[in-house]
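*Asks:* Pasting a structure below so you can have a look.
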Amino acid sequence: MSTYAQKKGFGATVWDYLTTVDHKKIAVLYLIAGGFFFVVGGLEAMFIRIQLAVPNSDFVSAGLYNQILTMHGTTMIFLAAMPLLFGFMNAIMPLQIGARDVAFPFINALGFWLFFFGGVFLNLSWFLGGAPDAGWTSYASLSLASEGHGIDFYLLGLQISGAGTLMGGINFLVTIINMRAPGMTYMRMPLFTWTTFVASALILFAFPPLTVGIFLLMFDRLFGSNFFVTAAGGNTIIWEHLFWIFGHPEVYILVLPAFGIFSEIIPVFSRKRLFGYSSMVFATVLIGFLGFMVWAHHMFTVGLGPIANAIFAVATMAIAVPTGIKIFNWLFTMWGGSIKFTTPMHYAVAFIPSFLMGGVTGVMLASAAADYQYHDTYFVVAHFHYVIVGGVVFAILAGTTFYWPKMFGTMLNETLGKITFWLFFIGFHLTFFIQHFLGLWGMPRRIFTFLEGQGLETGNFVSTVGAFFMAAATVVLVINIIITTVKNERVGNDPWGDGRTLEWAIPSPPPFYNFKQLPLVRGLDPLWIEKMEGKKGMTPAEPLGDIHMPNASFIPFVISFGLFVAAFGAMYRLDYGWGLPVLIIGLAITFGSMFLRSVKDDHGFHIHKEELIDEDDNKGVKA
Amino acid sequence: MKKLAKWRLFSLLALMALILSGCGKPYLSTLQPAGEVAQRQYDLMQLSTIIMVGVIAVVTIIFLIVVFRFKRKDEQIPKQVEGSHKLEIIWTVIPILLLLVLAVPTVIETFRLADVSAMDEVNEDGKTDALVINVRANLYWWEFEYPNEEIVTSQELVVPTDQRVYFNLKASDVKHSFWIPSVGGKMDTNTDNINKFWLKFDSKGAEKANELFYGKCAELCGPSHALMDFKVRAVPSDEFDQWVASMQGIEEPIQPETALAQEGQELFNQSCIGCHAITPNNASPEAARVAPNLTDFGDRAYVAGILENNEENIKKWLADPETLKPGNKMSKTYGELTPEQIDALTAYLMELKVQE
């Protein structure tokens, strides 16, 4: 262990994380913040299910229910699922391509802090007069009619955190294009890196429409414009288009990295290379491309006409083909393999049929004429939870157990992990399977209560019971994390024993510079290749030399904080005199710190060759 | 893993059983279609479900073999297979063919359900031969205007069975969505434009549903979105014609008979009439029709679309609409009513009947 990892005081640790530009520490920040919002969103889900357990319930009021459902969706998508996946991308992707950090470490930190302050801002709405209540889709006629500042919190919060996400996406793109280790060609990149790459490209093209839409709605609400005011010649359907041009690719932004995580786990625990690697890559790119061609399937009932509906129906069905390719490739990776059922592998195996269910209902929904029945019912709720929980959340839970040793140097308890899995798996199907039928029986989504005598009682009760299983699973996971952290039993480079890719060739957790010498990549699954040839680790691609590293910086935090302040000013400008000055002060903080960053030369520092050699010696002594 | 497999099998069986039994209520469920549109959509659902269950079956078989046969037994390293072009082609081409089987009827039905050409065929009077109904969605209530018949009603849509009924759909405040699950899929009522579609109400289905279908708002529209229900009375066409005739016969407000109801009428005319019309005439502009038309209130099966129409529920509604339908536009438009006033108004409202 080096001097860099010596025990530090609590304050020093906090300062370290506030100023860090190290992708691994930023990953931890994403994981903590994303995990926190995941719990918040989960609590909101529990309130929803408790309210709907029995007909005519008055557990929460009608208006409050709409706030809860809006915040559940918004939190889970923007503040939980994406940041958690960003956490894994940050932690693992640079290691997988043999890089010492991402291309722009400073921007990486800025992206995190923007997301964090945006998320905090959005959630402060609970304490400042009420949360947004127009659904995560925030359709314009309703969101313009919504009283109070709830929708403003939504707009400003998402605008800030969305900027962070966009930066993150661009950063990953540049990193993957420019920073691959010698020999790491595109067609040797692990699937998780590939999916990160495609998801980042989707972010690059999908977030600007959302940004534009949010700006227009924000101008309407805060500055008196009329983009979506029908009476003044505006058009609310435009909002729906802008939202879904973002919203549909967003689904793939979430689910592609999930595919990536499973594409790493399945080969490792099957001890077999990924079946049909090149067709997997091709399918990923194709899904990403088609993902932009299908947004109007969320709008089949809007009245776009049969031509548009038919085109979008057929385009949507087409996505099933590359997705099907993936399912079969995963199955045939396991076929003939030697499968070890660890906790991550449990999730990966369970993911296949669970996600398949969400996929096939997706094809059913694509059938436009039939969708008129499914649209905005619990059938849709069931469908997207099968995709997002059965796909993305399973992947996040799998990734957490799989990459925990790499990120923190300790193994999560396998028994507790399996208990979490079974509770979550049973709870998931119990909650959402019946919802398909609730929808078909005539239950619209987003209703705060249902009346007796409509045949919806049993189904809703079953669904609520399932939700409690998932809550219990989450509690066990938290206990597991605490126990593991307290025990602190350190593990080696390749704790699962069958690691195939570069991240398993370096210590857990890796030193802050990742690779002392950049590795030479000789094919797909580079570590596996070396192992099969009886070598212990990677062959270096360069002689031991000085390593150039970036300096830590507090500026990303300040830039983001400025926008956080400015958002309050913008929102309260019309209500209070202090609004405008606060808006100006906030922007001044942001632009001032950006200016400071621009004029201050920061060349980073070098780790000298001698220190790296010393470290080796120290290790030898300690071991 | 055995448990997992059983679970999958169980859910599959449950899916089949539920589909075969066609669950749900006949007046609400999409699985008990009571009209041509719902039937066509149900057929599409069945077709897609059969294809998808087939896909699930194939995947499940491979899945079960993989999970049971290839569990790790020794520390041998399995053969590293790159892939197989033959297999890749198979699982690319077969899904494409399956999708074509679904895509063709989907496109045909999408066009068929959008065919509203009958709405454009105007006869010499400037009216359509087809029955057209203008639906206007408002924060938590529905207005149904029959432009050819020149009458307006609210909350309870009256339609003839076994003929196509055409709808013009729009919203007057925020976006809603018009949905009668057992009769056909929904269409949004936008604030920007008028949407058109058609439905057909099956007489057999109507019988099963006791002539009363449930209608719902399917687009989040505010606190009482969940309670923005309406009802559809689907009656044989002669009965429908009778209803139209008796509605058209109401040129002056219906005169109540009992003394209590007359007292109620007076109260009504002092305040409620500012928003609620009690004649079915559609001459007044939409902007003036700010609350449900109550001409045939006494004939309706439900109060506010959600409570059974009886004395007790009318009183409950008049005394405190806010609790029953949070955020509705009627609350706080009038002062506290005394129990006597509520009794009188209730008696009056119950006498607003156009049919015997």
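Note: Cβ is positioned from N, Cα and C throughout, glycine not excepted.
Sharing the record's features from TrEMBL:
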{"type": "DOMAIN", "residues": "A:9-522", "note": "domain 'Cytochrome oxidase subunit I profile'"}
{"type": "TRANSMEM", "residues": "A:27-48", "note": "transmembrane segment"}
{"type": "TRANSMEM", "residues": "A:68-92", "note": "transmembrane segment"}
{"type": "TRANSMEM", "residues": "A:104-128", "note": "transmembrane segment"}
{"type": "TRANSMEM", "residues": "A:153-179", "note": "transmembrane segment"}
{"type": "TRANSMEM", "residues": "A:242-262", "note": "transmembrane segment"}
{"type": "TRANSMEM", "residues": "A:274-295", "note": "transmembrane segment"}
{"type": "TRANSMEM", "residues": "A:307-332", "note": "transmembrane segment"}
{"type": "TRANSMEM", "residues": "A:344-366", "note": "transmembrane segment"}
{"type": "TRANSMEM", "residues": "A:378-398", "note": "transmembrane segment"}
{"type": "TRANSMEM", "residues": "A:419-441", "note": "transmembrane segment"}
{"type": "TRANSMEM", "residues": "A:554-572", "note": "transmembrane segment"}
{"type": "TRANSMEM", "residues": "A:578-596", "note": "transmembrane segment"}
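Give me the lay of the land around each of these features.
*Replies:* Long-range contacts of the transmembrane segment (A:104-128) within its own chain (CB-CB distance under 8 A, at least 6 residues past either end) are made by residues 19-23, 26, 29-30, 33, 37, 40, 71, 74-75, 78-79, 83, 86, 90, 149-150, 153-154, 156-165, 167-168, 170-171, 174, 550, 553, 555-557, 559-561, 563-564, 567-568, 597.
Here the transmembrane segment (A:153-179) has long-range neighbours at 70, 74, 78-79, 82, 86, 89, 93-94, 97, 99, 102-104, 107-108, 110-119, 121-125, 128, 131-132, 134, 138, 143, 189, 193, 196-197, 199-204, 207-208, 210-211, 214-215, 217-218, 221, 560, 563-564, 567, 570-571, meaning same-chain residues at least 6 beyond its ends whose C-beta is under 8 angstroms from one of its own.
Tertiary neighbourhood of the transmembrane segment (A:274-295): same-chain residues 187, 191, 194-195, 198-199, 201-202, 205-206, 241, 244-245, 247-249, 251-252, 256, 259, 263, 266-267, 312, 315-316, 318-319, 322-323, 325-326, 329-330, 332-333, 335, 524, selected by CB-CB distance under 8 Å and a gap of 6+ residues from either end.
Listed as Cβ neighbours of the transmembrane segment (A:307-332) (distance under 8 Å, sequence separation of 6 or more from its ends, same chain) are residues 259, 262-263, 266, 274-276, 279-280, 282-284, 286-287, 290-291, 293-297, 300, 348, 352, 355-356, 359, 362-363, 365-368, 371.
Using a Cβ-Cβ cut-off under 8 Å and counting only residues 6 or more beyond its ends in the same chain, the transmembrane segment (A:344-366) has close neighbours at 262, 265-266, 269, 297, 313, 316-317, 319-320, 323-324, 327, 330-331, 334, 374-375, 379-380, 382-388, 390-391, 394-395, 397-399, 401-402, 417-418, 421, 425, 428-429, 433, 436.
Here the transmembrane segment (A:378-398) has long-range neighbours at 76, 81, 84-85, 88, 251, 254-255, 257-259, 261-262, 265, 343-344, 347-348, 350-351, 354-355, 357-359, 361-362, 365, 420-421, 424, 428, 431-436, 438-440, 443-445, 477, meaning same-chain residues at least 6 beyond its ends whose C-beta is under 8 angstroms from one of its own.
Sequence-distant contacts of the transmembrane segment (A:419-441) (same chain, at least 6 residues past either end, Cβ-Cβ under 8 Å): 49, 343, 346-347, 350, 354, 357, 361, 373-374, 377-383, 385-386, 389-390, 397, 454-456, 459-460, 462-474, 476-477, 480.
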*Asks:* To the transmembrane segment (A:27-48), which of A:68-92, A:242-262, A:578-596 is linked by the most Cβ pairs under 8 Å?
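*Replies:* Checked against A:68-92, A:242-262, A:578-596; highest Cβ contact count belongs to A:68-92.
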*Asks:* At a threshold of under 8 Å on Cβ distances, which of A:68-92, A:554-572, A:578-596 pairs most often with the transmembrane segment (A:242-262)?
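*Replies:* Highest pair count goes to A:68-92.
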*Asks:* Can you tell me the mean pLDDT for the domain 'Cytochrome oxidase subunit I profile' (A:9-522)?
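*Replies:* Taking every residue of the domain 'Cytochrome oxidase subunit I profile' (A:9-522) together, the mean pLDDT is 96.
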